């Protein structure tokens, strides 16, 4: 007995039979459920035992689970189980010690950089505390205000950080010109007069430079905000 067609329910003879999706089809009946386009064994897509073309194949959608009391109870139970497992793993690994970090060249460089930053911050705090301790009493501040530089554009002298003795740079360096006069406060500093030309200038840090005063031939440190590039 010939089986019925999955589309028209008429008998399907062996010469025109297509066996697909657990059903038998006539070749002409094996078409898309939506657009009725004829399909073959290589072009169809099955959904709920019905053939579709790739254009009209139903898109699967996700269902939203409602937060019922039972679902909330299961969610809370899962969270408690996760916390219990975490605590158990923590207790197991508690006494096993720390992992050893290899002392690679990169780690040594990072450690050295951190030490330098800590050293700079220490000296900055030290200089600030020294300036505060050296501040004159209130009765002397009026006198200091009277002897301030007459040039209103003159900048304040930057706080001097402690540095190792600088090495004189090679010739052919940058050239700067003094904007204001400056009297050296330390033995390794250079005194400046307004308009002096500074040769072979090299930046030491954010507030200080090293260079040679062309007028006096003296080499040493000078405040960066007292000069401008030429």
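Glycine is no exception: its Cβ is also placed from the backbone N, Cα and C atoms.
Nobody curates TrEMBL annotations by hand; they come from automatic prediction.
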From 125-172, 173-220, the residue range that TrEMBL assigns the feature region 'Disordered': 125-172
Per-region confidence, the domain 'LIM zinc-binding' (3-63) (mean pLDDT, whole number): 86
